[in-house]
Amino acid sequence: MFFFFIGLRPMNRSATHIHLVTEFILLGFPGCWEIQIFLFSLFLVAYVLTLLGNGTIICAVRWDPRLHTPMYFLLGNFAFLEIWYASSTVPNMLANILSKTKTISFSACFLQFYFFFSLGTTECLFLAVMAYDRYLAICHPLHYPTIMTGKLCRILVSLCWLTGFLGYPIPIFFISQLPFCGSNIIDHFLCDMDPLMSLSCAPAPITEFVFYTQSSLVLFFTIMYILRSYTLLLRAVFQVPSAAGRRKAFATCGSHLVVVSLFYGTVMVMYVSPTYGIPTLMQKILTVAYSIMTPLFNPLIYSLRNKDMKLALKNILFRMRISRGAWVVTNMVGLQETGEQAPSGDGTFLHQTLPLCAWQLPVYWREIDIDRTRRPLLQTRTATSSKASSDNGPGDFHFLI
């Protein structure tokens, strides 16, 4: 698919003596140089936080066996999707802000166009699948383990990715074959449908109708299913006898619906309702809302506020410290066996390096203090510990990444 869009070229109409467009100019956001630097810093921080937040979720779900459940499996794949969704626009936008020419090639423009819409469609489908998962877990808790199995999760995730990426190659290919002549200036920070169609020299009502109909169907069907799932979910929450349980469920559902409303509300304004009366600057702000801010907020709303996720992250950080402590102690044993001088002869180096981990390593400390020549035993116990941890590795849930 990547090479398909790399090979795109504008239609050859040399016989009509029309100057064809080979590259586009993305104007981005207006403003002086100080405003451009401010926007660059703002979007860079948002992008880095998006990568860190979603990457943390992926690592936690991948490495903690207690999170190998359908809900966290979906959250991990959703975080992976959010990283690529933000990466389809933000890096090029940051480069354009600092660029003097602000150009993008013809094939790169349509490649961004394809990935932006494919990943956005995949996100809509993922939100619907996650709503279905929460509906089953709360409204049908007894049947949930038998319905939402690992196999079904993998099938649903695969369908989301395949549907999202196989739905747009043909419409975007036909759009790329339109004659783009005259102006090549796109008053946006990415290659979007309306700006590209406004630069075409020939009208394409059928292609435009198919594209917008497809986008509208995906948006309407997924949002209606999400609203139906949360309506049934909230109805079940009202039957919870505990007031604290109801407040917790309302807080969780409310935060999820805020993210869904932010994403779907801005997307529908852009791609379902007519955008001819919307100012260009407002279109850019709406695009920032669903393409940059939503991937930034989703880790905070869906995962990092979750107690199980917080506990998993703490355990991962603690295990990293333990591993670092074991590495330091093992190297100290090697230095003392070979007769080399340790960084601190009185052992204070170890205590300074392992302030929180020493109490977790009684075997290592005892073997160092009693008999420094028993390194084979140390290696045997370390290997046994590694084998035990590998036996408790991930279960049936794995990432499709």
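Placement of Cβ uses the backbone N, Cα and C atoms for every residue, glycine included.
No curator has checked TrEMBL annotations; they are predicted automatically.
According to TrEMBL, the feature transmembrane segment maps to 37-60, 72-90, 110-132, 152-174, 217-238, 250-273, 285-304. According to TrEMBL, the feature domain 'G-protein coupled receptors family 1 profile' maps to 53-302.
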| note | Beyond a gap of at least 6 residues from its ends, the CB atoms lying under 8 Å from the transmembrane segment (37-60) belong to 29, 31, 67, 75-76, 79-80, 82-83, 86, 90-91, 93-94, 97-98, 292-293, 295-296, 298-300, 303-304, 309, 312-313, 316, 399, 401
| request: Could you give the residue numbers and ranges of same-chain residues that sit at least 6 residues beyond the transmembrane segment (250-273) on either side and whose C-beta is under 8 angstroms from one of its C-beta atoms? | output: 120, 123-124, 127, 134, 193, 212, 215-216, 219-220, 223, 226, 230, 233-234, 237, 283, 286-287, 289-290, 293-294, 297-298, 301-302, 305
| task | Could you pull out which residues elsewhere in the chain have a CB under 8 Å from any CB of the transmembrane segment (217-238), counting only those six or more residues past its ends? | result | 121, 124-125, 127-128, 131-132, 134-135, 138-139, 167, 246, 249-250, 253, 256-257, 260, 264, 267-268, 271-272
| request: Quick one: average pLDDT across the domain 'G-protein coupled receptors family 1 profile' (53-302), no decimals. | output: 88
